[in-house]
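Trainee: Sharing the feature lines straight out of TrEMBL:
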{"type": "DOMAIN", "residues": "A:8-131", "note": "domain 'Na+/H+ antiporter MnhB subunit-related protein'"}
{"type": "TRANSMEM", "residues": "A:7-29", "note": "transmembrane segment"}
{"type": "TRANSMEM", "residues": "A:35-56", "note": "transmembrane segment"}
{"type": "TRANSMEM", "residues": "A:68-91", "note": "transmembrane segment"}
{"type": "TRANSMEM", "residues": "A:111-135", "note": "transmembrane segment"}
Amino acid sequence: MNQPNDLILRTTTQLIAFLLLGFSVYLFFAGHNAPGGGFIGGLTTAAAFILMYMTYGYEKIKKILPINFRLIAVVGLLITLLSGIGAIAFGEAFLSQTSDYFNFPILGEKHLATAMIFDLGVYLVVVGITLTIILSIATDSDDDSNEDVGV
Amino acid sequence: MLEEFGDQLLDIVLIICFIAMTISIFLLVIRAFRGPSNADRAVAIDTMGINMMAITGLASIQLVTDKLNDVVLLIGILLFIGTIAIAKFIEKGVIIDQNHH
């Protein structure tokens, strides 16, 4: 198979992947009171990774991002569980959330919520599960030589 | 008097635009089902996404809010990735290639 000339795709991916990662962080912190939150932030991060996988191929990105995405999903679930158990430690019901306003030296008054910890867990679970599903479908193959490719 | 006329005109124009977008999406669904080739279906789905962005923008005008601007941007980005995936599937047969030849 001849190598297609995809210079435009490679050039735009360099720009758009970083735009997507920055936008996902913005969406993650915009949650609760505006459109955003852990789920859609995680999906945007996964979209950026998948764009890089589509452009540069599986092997190259595997070298650049040596991340075990199944482990990320499990760590996210653990963070979510611990944020629920933390409420029991303060004598509240499981998964109770609270929030308060704090003053920071440069940033000024900010609204901090413990739901952000729960959201961080959701973010990691969504990134891990999405990439695990898509990469295990994409690297599925009949011949046995690719057995160690499994995500 | 002029402001009242402007409000009424905006309402009427919004309703006409919503109806036009709905008809457009309906025709594109027909094209996505019946399209003779896969490239026709890809173009139809891509254009449906653009119509979704337009409807979201119209909804944010009607609701007088700027909360939906992120949604428009997000639909655009995900549409771009989906279009690249379909184009690569039509051209090469695989979306994520495993090893370079």
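Backbone N, Cα and C define each Cβ position, glycine as well.
Quick caveat, the model's predicted, so the values are computed rather than measured.
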Trainee: Work out, from DSSP, the number of helix, strand and coil residues along the domain 'Na+/H+ antiporter MnhB subunit-related protein' (A:8-131).
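Mentor: Split into helix, strand and coil, the domain 'Na+/H+ antiporter MnhB subunit-related protein' (A:8-131) gives 86 helix, 12 strand, 26 coil.
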Trainee: Do any residues, 6 or more residues outside the transmembrane segment (A:35-56), come within under 8 Å Cβ-to-Cβ of it, and if so which ones?
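Mentor: 6, 9-10, 13, 16-18, 20-21, 23-29, 64-65, 118-127, 130-131, 134-135, 138.
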